[in-house]
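Trainee: Could you have a look at this structure, given as structure tokens, before my questions?
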Amino acid sequence: MNILGFFQRLGRALQLPIAVLPVAALLLRFGQPDLLNVPFIAQAGGAIFDNLALIFAIGVASSWSKDNAGSAALAGAVGYFVMTKAMVTINPEINMGVLAGIITGLVAGAVYNRWAGIKLPDFLSFFGGKRFVPIATGFFCLILAAIFGYVWPPVQHAIHSGGEWIVSAGALGSGIFGFINRLLIPTGLHQVLNTIAWFQIGEFTNAAGTVFHGDINRFYAGDGTAGMFMSGFFPIMMFGLPGAALAMYLAAPKARRPMVGGMLLSVAITAFLTGVTEPLEFLFLFLAPLLYLLHAVLTGISLFIATALGIHAGFSFSAGAIDYVLMYSLPAASKNVWMLLVMGVVFFFVYFLLFSAVIRMFNLKTPGREDKAADVVTEEANSNTEEGLTQLATSYIAAVGGTDNLKAIDACITRLRLTVGDSAKVNDAACKRLGASGVVKLNKQTIQVIVGAKAESIGDEMKKVVTRGPVAAAAAAPAGNVATAAPAAKPQAVANAKTVESLVSPITGDVVALEQVPDEAFASKAVGDGIAVKPTDNIVVAPAAGTVVKIFNTNHAFCLETNNGAEIVVHMGIDTVALEGKGFKRLVEEGTDVKAGEPILEMDLDFLNANARSMISPVVCSNSDDYSALVILASGKVVAGQTPLYEIKGK
């Protein structure tokens, strides 16, 4: 993993423990005397902030492990206790704060990924597998304790000095932080910067003698000097960016305003209420980078002004109206937090006027002002149904180069974080037609697709679709529905079309209509048009002459590119990838040229019928959109290598 990919993944891992803070803040706030006056509720919220480093250790360990494992989370806690308790025996002054939790969480996650399946000798077998993970993590963290016991004190001094410099720099320091914070948003590295500012810099000791580090911790612990890294975000997120949204709406041609109005309104309301601004920011970041640079400068100015005015405000989640109301009467909030609203109104007009002028002056392609080809949004991109989500996930896989190019899938609140074989194969236009705000290509293997609040659900569905079978790359510039191939045309409708490919059945068995396949991706023809067969024999053959371009590692599916350019996917059974190759044996290797009827796979059909979810096997043309029609020829029983299955008609 390259360094940029590491920090991108770390940013995602930090999302889980950070997600706990809004709940803690609500409990802490509502338990205060001026609201519910229920101390045990306030203490419940305070407990989260008091043990934040431990929560980071558990959350990061779970997120970093390859399957969000509970044993990794336990190992994170074990590692944290071992390292922190051992370090202070070397130097009692050591305090790593949440960094200790992050480091031990990373160690625990890495140990799980490497040794969760370890086999030990019989007399130690009880400690093998996942039980080995907390033990090994504790050992490694003990070594880290010995190292950090001597290495960390100068680092701690440097952090303390750096924090003091930024704090002593006052308004200038907070302004620099705000500017850099926005510039790092496209890479996702802002989460790392935020963690240092919000959970590490600064120190406050309460009446009970408990020490708190970081702007957020100190603010909710009652430190009246906290908030310099938070206050200035409120005018930007609640007012400035909605002003930018209005400017982009009015800059769009009147005929296109209805198309972009709903989208801009929804992201503006989200920014105002919750402070989640990335969906709005990414609308103009990629289309008009100059505007984003202007936005970063204005954010720095806002933090500068807020600090210069002595405003101390804080948030548990982000600088939206909800957090503003919750923190307004907190002990740490300054008496002049109302000035943030005045600043907000000013920034609303500043953003509106500057964005309006710059968009028109440089003819920037903000939403609604793009070329006509960019206006097309596929139907499934607006679907909230389960089927629509599956189609959308399949389409994104195709847009990033298909399963051949997609190597790893992660997601955070607003973006898909993907590792690909070659970012040059990613179809930016196809992603935008699906509703993505933009695509960030961090390097040749690391990309981010900005999809908004549904990122995690889309990412999870993408993982499911990938396990079901291969998805071909999207065409270079498709002109309509990217994911769903047109239904097969009736024979009489294509009577004059030339047959470019004739396929024989690759399997002996019974024909099943594609719509009856117990898998939405195939049944909806998102993967391609074709037919399915329920096998009654063990041998799978090539349905046409061509090249076997891909055989999955588990040998349950293969892709054949015919001599005439048709891309045929033969997928044996549904969810058979979960069998990890059991029941399948490949008879040829990738890159082999084959003739129609030549054996490709051998199956243990008895085993598969007993263990697979279904052995109904789709045979689809993944690039069926390149042809005018697909004419089904087979029905009833078919014989592998002999019975004609379907014909593909040219345009």
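Placed from the backbone N, Cα and C atoms, the Cβ positions cover glycine too.
According to Swiss-Prot:
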DOMAIN    1-371  domain 'PTS EIIC type-1'
TRANSMEM  16-36  transmembrane segment
TRANSMEM  40-60  transmembrane segment
TRANSMEM  70-90  transmembrane segment
TRANSMEM  92-112  transmembrane segment
TRANSMEM  132-152  transmembrane segment
TRANSMEM  165-185  transmembrane segment
TRANSMEM  192-212  transmembrane segment
TRANSMEM  232-252  transmembrane segment
TRANSMEM  264-284  transmembrane segment
TRANSMEM  285-305  transmembrane segment
TRANSMEM  308-328  transmembrane segment
TRANSMEM  339-359  transmembrane segment
SITE      H556  site 'Important for phospho-donor activity'
BINDING   H556, H571  Zn(2+) binding site
ACT_SITE  H571  active site, tele-phosphohistidine intermediate
Trainee: In whole Å, note down how far the CA of H571 (Zn(2+) binding site) lies from the CA of H556 (site 'Important for phospho-donor activity').
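Mentor: Per the Cα atoms, H556 (site 'Important for phospho-donor activity') and H571 (Zn(2+) binding site) stand 6 Å apart.
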Trainee: Which residues, given as numbers and ranges, are at least 6 beyond the ends of the transmembrane segment (264-284) yet have a Cβ under 8 Å from it?
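Mentor: Beyond its ends, the transmembrane segment (264-284) has Cβ neighbours at 182, 185, 233, 236-239, 241-242, 244-246, 248-249, 291-292, 295, 315, 317-323, 364, 366-367, 413-415, 437-438, 450, 452-453.
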Trainee: Just counting, how many other CB atoms are there within 10 A of the CB of H571 (Zn(2+) binding site)?
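Mentor: Its Cβ shell of radius 10 Å holds 27 other Cβ atoms.
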Trainee: Residues sitting near the transmembrane segment (285-305): Cβ under 8 Å, six or more positions beyond its termini, same chain?
Mentor: 171-172, 174-179, 181-183, 185-186, 228-229, 231-233, 235-236, 240-241, 244, 343, 347, 350-351, 354-355, 358-359, 362, 364-367, 370, 437-440, 450
Trainee: Taking 3+ C-beta pairs under 8 angstroms (sequence gap of 6 or more) as contact, is the transmembrane segment (339-359) in contact with the transmembrane segment (232-252)?
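Mentor: Checked: the transmembrane segment (339-359) vs the transmembrane segment (232-252), in contact.
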Trainee: Below 8 Å between Cβ atoms, which of the listed ranges 40-60, 165-185, 192-212 makes the most pairs with the transmembrane segment (232-252)?
Mentor: 165-185
Trainee: Give me the count of other Cβ atoms within 10 A of the Cβ belonging to H556 (site 'Important for phospho-donor activity').
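Mentor: Total other Cβ atoms inside 10 Å, all chains included: 28.
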Trainee: If you count Cβ pairs under 8 Å, which stretch among 40-60, 132-152, 165-185, 192-212 touches the transmembrane segment (70-90) the most?
Mentor: 132-152
